Amino acid sequence: MGSLWSSPSLLPSQQDNETEPFSHLPKEIGTDPTLREDSNVSNRNSEAASTSTDSSTNTNENHASTSQSSLEGAPDSGPIKIAIIGGGIIGIITALGLIHRGINVTVYERAPKYTETSAGFSFSKGARKAMEIVSPRVLEALLRVAAPNKHPFIRYFDGFTPGADEAQWQIPAERPDYYGCLRAAFLESLGQEVPEGIVKFGKVLESYEDNEEGKVLLRFRDGSTAEVDAVIGCDGIKSRTRRIMLGDTHPAAAPGYTEIVAYRAVLPLEGVVAALGEDRGHSHCLAVGPDAYTVSYPIANKPLANMILFRKQRGSWANSDKLLETCHRSTAQDAVKDWKPEIQRLVDLLPENPNKWAIFDTSDNPVPSYVSASGRVCIAGDAAHASTPFLASGAAMGVEDAAVLATVLNTALKEQSYNKTTVVKRKAITAAFQAYSGIRMQRSQRVVKDSRTVGEVCMWQDAETARDPEKCFQAIWQRYTQIWEFDVEEMVERARSECVRLFS
């Protein structure tokens with residue numbers, strides 16, 4: 001029998017504010033622990049410099065309007081300009097995919113410089129295939145800092161019931177073939193691939209005008225504007241792009257609280273080994289029980305381990321604009337006070353005043369489409385489908401988004417190159433974004449739903465599985481295999497074909 005307990009790692013939107021400096025990187029790269037609660041960053045590739053217009057004119061600047069009839073045949077031979085809102089991991093990976101294909105892109109990041117957390121996360125072999133499709137440089141960046149699980153199995157343990165000491169389920173680690181690393185290390189590695197000038201920092205999106213002229217006018221908090229042909233919102237779980245696209249009152253404009261919180265830390269490996277024992281401490285293990293569960297695993301080739309405690313916290317979250325708060329370690333210890341001694345020892349390793357993250361997602365109110373009515377604005381990653389971390393696939397879904405977006409935009413622009421008019425350019429962008437949304441909606445939204453279910457199963461909250469090990473295994477196995485066995489290349493090819501069909 002196999003286990004499917006993979007390595008739930010928090011999404012970008014749920015990361016902490018612990019950061020590591022990237023002192024050897026160019027200019028603005030550094031850390032700012034006050035700015036990265038819901039947005040992570042990383043960026044670099046070497047083929048194009050952005051020419052996107054970014055002016056410091058005020059919001060009353062006159063943009064001469066052109067009648068629809070005069071636009072129909074108007075020549076538009078200039079390079080297409082794509083804006084990505086959000087310089088997180090998915091925003092940067094998407095940018096690298098466009099740069100790799102020679103597409104003009106500028107990333108607008110709200111933070112004043114690159115920052116990232118010191119937490120760990122992992123990518124399956126399917127996610128790595130998607131990275132390779134985006135750009136070989138993305139995969140190279142990961143492999144520079146990541147390492148596979150050294151233990152031959154990923155194992156599930158009952159962390160609560162006395163006497164239940166053996167792993168109840170396990171699977172060969174080669175099945176998902178996770179490669180784990182520190183988020184900060186991956187950012188640093190990606191940063192080595194981004195051309196200078198691609199990312200504009202300190203750009204907080206206030207609004208955009210998606211007008212009939214075929215351009216999108218972005219307005220930023222600092223009073224500057226930028227006019228582009230298309231926008232990709234990769235601005236995280238609290239996406240401003242999504243809110244503008246849907247409207248403030250739309251049910252899907254904001255994410256919802258899942259009544260689960262997480263305590264996470266990167267710990268000395270020797271401490272984890274002392275708590276769990278030599279075998280478990282050096283491997284990828286999950287311990288589940290009532291209203292909580294833990295995940296622990298070594299990080300890459302470092303003497304460190306990633307540890308997360310998830311627990312139920314029912315009711316509402318007081319401030320949905322702030323997804324983390326500092327608490328006392330005792331609040332985490334209370335969640336496992338009746339658990340086995342080794343799990344209590346593991347949780348005791350948390351710092352005295354750890355951060356507690358409220359886990360939000362978009363499961364209750366999914367967006368109706370990933371593309372705006374005009375077809376020139378779309379959303380990706382957490383902005384489109386913010387997930388809980390229980391399927392360990394939230395970041396992977398964003399990478400798949402990037403693979404599809406890079407492919408369909410490249411396809412559409414090749415089709416458009418034979419007729420460079422404003423209308424044809426608009427049609428090309430719309431075809432690309434609609435193909436992306438149509439291909440990605442079902443899979444990514446299913447992951448959001450399934451991840452929520454896996455969390456309930458792990459915390460013995462699911463009515464159908466309760467504490468029955470076999471039922472828990474079957475419920476989770478089904479959902480994990482749909483992630484692991486997915487054909488990313490076939491999906492990308494379907495998206496390419498759909499884009500051509502929509503453009504023709």
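Quick reminder: no glycine exception, Cβ is built from N, Cα and C everywhere.
Together with GLU109, ASP382, ALA395, the FAD site in Swiss-Prot holds one more listed residue from ARG183, ARG479, ARG494, which is ARG183. Each residue contributes its Cα atom, and for ARG183 (FAD binding site) and TYR297 (active site) those atoms are 15 Å apart. In the three-state DSSP scheme, TYR297 (active site) falls into the strand class. When the recorded positions GLU109, ARG264, ASP382, ALA395 are ranked by how far their Cα is from the Cα of TYR297 (active site), ARG264 comes first. Cβ neighbour count for TYR297 (active site): 26 (other Cβ atoms within 10 Å of its Cβ, all protein chains included). The 10 Å shell around the Cβ of ARG183 (FAD binding site) contains 29 further Cβ atoms across the protein chains shown. Taking CA atoms as the reference points, GLU109 (FAD binding site) and ARG264 (active site) are 25 Å apart. All protein chains shown were included, and the count of other CB atoms within 10 Å of the CB of ALA395 (FAD binding site) stands at 27.
The number of other Cβ atoms within 10 Å of the Cβ belonging to GLU109 (FAD binding site), over all protein chains shown, comes to 28.
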